[in-house]
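The structure appears below as structure tokens.
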Amino acid sequence: MFKREEIIEMANKDFEKAWIETKDLIKAKKINESYPRIKPVFGKTHPVNDTIENLRQAYLRMGFEEYINPVIVDERDIYKQFGPEAMAVLDRCFYLAGLPRPDVGLSDEKISQIEKLGIKVSEHKESLQKILHGYKKGTLDGDDLVLEISNALEISSEMGLKILEDVFPEFKDLTAVSSKLTLRSHMTSGWFLTVSDLMNKKPLPFKLFSIDRCFRREQKEDKSHLMTYHSASCAIAGEGVDINDGKAIAEGLLSQFGFTNFKFIPDEKKSKYYTPETQTEVYAYHPKLKEWLEVATFGVYSPVALSKYGIDVPVMNLGLGVERLAMISGNFADVREMVYPQFYEHKLNDRNVASMVKLDKVPVMDEIYDLTKELIESCVKNKDLKSPCELAIEKTFSFGKTKKNVKINIFEKEEGKNLLGPSILNEIYVYDGNVIGIPESFDGVKEEFKDFLEKGKSEGVATGIRYIDALCFKITSKLEEAFVSNTTEFKVKVPIVRSLSDINLKIDDIALKQIMSKNKVIDVRGPVFLNVEVKIE
């Protein structure tokens, strides 16, 4: 906390001095907690749900009302809608199945088996029979069966489960039996039901839309087909409705997603629930992609199918696949990867990778941590001293009840060199998935590497960590370890850097895995010629 009164008094006496000196009150974050190792965290929406919401708003802007159509459809409705084509259509439908409820009696043999488990049945026989009978009749849910058996016999639920497994094997041998109910394979099967019920409840004309999941029994899933998908469908019912309404709706809807220019091409499929010569494919031009894309289908429902539902006015239906539109909008190549990204490779961008490059060892004690900054500044200032030369830094620390006098000596004994090597100010960058050390100046860099390094510096993400920074933290971290272990001296020698660990750096395994799998590189090679002796008294 700031001592506000002292600061105000200091500022009143000498504002400039107070302004400069109080900067030390703003403590910088530790290096592993500084940018770009910290990054903003945002929630992330799913592209399919984004597209659904955009489609909802687009339909609402066009005056449509939103409805939810039935997901479970009786196969009789498929026959009513498709006529003789129904059998072929039902082949792509999922049928709902359920386990039958076995007629389980409480015979003398089963009573004997229960009693062998140490449970007295005689007092509870009638209660147990009622439970088994209730399950058979459907008045007791299956997920309550174990609990009710346990309560009836006054035993634990674990023992109740054992009875169900050991005494009533009939439950384990059950096989699902298919019903006549199907999961909606396309939105049309629901529209007939909805429009039929609204005919005597809403004035004509009316415009409805629904965006919901459909299920299709594809032979296999591939980059453009899933067994479950979302349909964004609408229906317009009223006198005078025809395919021209479909064209206008297609243009109005899709123009809100960046499409321009539309082609309406007769669909060769000719589904029997559409009036002949009305089933139409919509192709739209996308200026960004510079392509014509098939994006929707519409048609006018057949009077034959409509009449079976008591609908006596034309109904135009338009539908499009949400996933298809999301793929176009997001430039995805594979619907599986777009819908289920968690099952596919996650690509880290350069910013992500940069946040995963950190110092391996950092001192914990504030005094020693602060020494690092002084050490870095001295090294940078004196890096070009001509050898033989040395740089000495002395400090006294309080460690527990003792005083520690520390002398750090950085030296170069060999003649004709500098105190520190030419790569000492190299900085770690992430560029195009690579982790590279880039020099402060490109003087003397070979032409074959120069272009890549220049691009890395201008287009890559800087980590803000230079070799000298990381190495100085290595020195002070070892100093802290020496305090703890009561060591009196140690040396640090790093002549040539070949890997991140040589300069006290590490990278997250997730980033490392991507670098290796994508044939990217970690190249931090360079001469630093660091020689350090530390003595502690």
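Each Cβ is built from the backbone N, Cα and C atoms, and glycine gets one as well.
According to Swiss-Prot:
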BINDING   HIS186, MET187, THR188, SER231, ALA232, SER233, TYR273, TYR274, ASN317  substrate binding site
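Swiss-Prot feature annotations superimposed on the structure.
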residue	record	Cβ within 10 Å
HIS186	substrate binding site	22
THR188	substrate binding site	26
ALA232	substrate binding site	25
TYR273	substrate binding site	25
ASN317	substrate binding site	27
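Farthest C-alpha pair in the substrate-binding residues HIS186, MET187, THR188, SER231, ALA232, SER233, TYR273, TYR274, ASN317: 18 Å apart. Secondary structure at THR188 (substrate binding site), as computed by DSSP, is helix. Annotation note: ALA232 (substrate binding site) sits in a strand segment as assigned by DSSP.
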